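What TrEMBL annotates here:
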- Lys22, Asn23: phosphoenolpyruvate binding site (BINDING)
- Arg92, Asp304, Ile326: UDP-N-acetyl-alpha-D-glucosamine binding site (BINDING)
- 6-404: domain 'Enolpyruvate transferase' (DOMAIN)
- Cys116: 2-(S-cysteinyl)pyruvic acid O-phosphothioketal (MOD_RES)
- 412-438: region 'Disordered' (REGION)
Amino acid sequence: MDEIVIQGGQRLDGEVRISGAKNAALPMLAASLLTGGRFCYTNIPDLKDIESIRQLLCTIGAQITESPDGLIVDTTGLNDVEAPYELVRKMRASVLVLGPLLARLGRARVSLPGGCAIGARPINMHLEGFSRLGARITLEHGYVQAEAESLTGNEIFFDVPTVTGTENLMMAAVLAKGTTVLRNAAKEPEVTALADMLNAMGARVSGAATSTITIEGVDRLYPATVRVIPDRIETGTYMVAAALTGGCIRILNADASHLKAVIAKLRKTGTEVDTSDGAVMVTGRRPVTSVDIKTLPYPGFPTDMQAQFMVLMCIANGLSMISETIFENRFIHVLELQRMGADIQVSGNHAMVRGAARLSGAQVMASDLRASACLVLAGLVAEGTTRISRVYHLDRGYAALEDKFRSLGADIKRVRPKPKTADGPGTEPASGRTEPRN
Ligand code: EPZ
């Protein structure tokens, strides 16, 4: 398994181009199952999760080809309605095929995703919503079986805003008879992007970006040509990198309007953020001022930026209280940061970060996607060498991360540890080139 090796202490300066948003591309690709035809996608990010959903769509019967800057997905002939365990366990967002398959074919069989490192992540709200639309839901042998001769519009109230739950139910409702109203719906930009795509397909979805989304069922839908919105979490990650290293990074292809909570918090730390010329220019300043953050559903501070922001608070000049209100186990990265010298005390869903820590490089292990990004950021400012294992987590959600950071001046490389031999372990670049061992 590859590792990422970072020599900390470099100031990052230059330009970086943001890729398409993983969490927008996944539901938009699933939406292609709603009707037969050729869907054209651009700005699809080159990520492991995209590879996983491509595999799943092909298993179901879609034909996928690459176009100069994206994908062509032809869903004319579907031959299966099952998302098998071996695919779903790799990527829980596979549950997003439930809604479209139920809407188009009246049946779907998807492996229950199970929990993940950051929490139990049940899908009860998805399933309750499908039942409200008239589907029969059965759980057996670790699979969800959903069936409905036809779906009928209804009112669905989410206990808490659920991003993929809102997306799944929007997709199920677009072909239902009558009107569906989703209350306490998620307002994330990725939900709005899906609603825009569904409307481009001939659906009638209104209220996206608010907590009440109304879907008027229609009789048929058409394929669409769509462009994936920029990844706001990738953008936020590079913004924090500039703040951390005291550098100046110009972020291209970003949409600052999706990051108002993150920008507001960064400015409170003393970081300069300029969004005037269409790009996002971030300049790190010293001292970094400690601020408190509390993760909330959009437009609040995103949980997917909590780990990255924590690294900045580790080197800030005071105390920072970080409260995680979305997932019950999203402080795993704290253990690794503590091994690098961070002063963090966790109590329940609160982490008290005492700043002015001098982080030192260490061998650390990634546990989930955003925790991996946090360890890369910590390695950038730590003294000495940081070696991060299990970077497959990173590859799920960050396109060409080490290339992008290297282009900004980071001393970062991906290596593939050689199998242990008689003369002891060694490493070689992941690219397979052998470099002189230092
Ligand atoms: C989406 O996950 C994102 N993933 C996550 O990003 C993100 O962290 C999360 O939204 C919150 O913003 C994708 O969009 C593919 P939720 P999702 O349903 O939809 C509970 C990343 O790093 N809940 O909004 O699975 C749930 O346990 C990933 O890119 C139920 O109880 O999250 C959580 O506490 C990580 N029952 C809360 O709701 C349900 O049926 C919000 O979860 C559904 C959710």
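Cβ coordinates are placed from backbone N, Cα and C, and glycine is handled just like the others.
Here the features listed in TrEMBL are placed on the structure.
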{"residue": "Lys22", "record": "phosphoenolpyruvate binding site", "Cβ contacts under 8 Å, 6 or more apart": "Pro45, Leu47, Asp49, Ile50, Asp231, Arg396, Gly397"}
{"residue": "Asn23", "record": "phosphoenolpyruvate binding site", "Cβ contacts under 8 Å, 6 or more apart": "Ala93, Val163, Glu188, Glu190, Asp231, Ile233"}
{"residue": "Arg92", "record": "UDP-N-acetyl-alpha-D-glucosamine binding site", "Cβ contacts under 8 Å, 6 or more apart": "Pro113, Gly114, Cys116, Arg121"}
{"residue": "Asp304", "record": "UDP-N-acetyl-alpha-D-glucosamine binding site", "Cβ contacts under 8 Å, 6 or more apart": "Ile233, Gly236, Arg370"}
{"residue": "Ile326", "record": "UDP-N-acetyl-alpha-D-glucosamine binding site", "Cβ contacts under 8 Å, 6 or more apart": "Thr295, Leu296, Pro297, Thr303"}
The residue listed as '2-(S-cysteinyl)pyruvic acid O-phosphothioketal' CB neighbourhood, other CB atoms within 10 A: 16
Among Asn23, Cys116, Asp304, Ile326, the recorded positions whose C-beta sits under 6 Å from ligand 1: Asn23, Asp304, Ile326
Reduced DSSP assignment, Asp304 (UDP-N-acetyl-alpha-D-glucosamine binding site): helix
Cys116 (2-(S-cysteinyl)pyruvic acid O-phosphothioketal) - helix vs strand vs coil (DSSP): strand
Secondary structure at Ile326 (UDP-N-acetyl-alpha-D-glucosamine binding site), reduced by DSSP to three states: coil
Cβ-centroid neighbourhood (8 Å) of the UDP-N-acetyl-alpha-D-glucosamine site, Arg92, Asp304, Ile326 excluded: Ile118, Gly119, Arg121, Val163, Thr303, Phe327, Arg330
Rounded mean pLDDT for the residues that make up the domain 'Enolpyruvate transferase' (6-404): 96
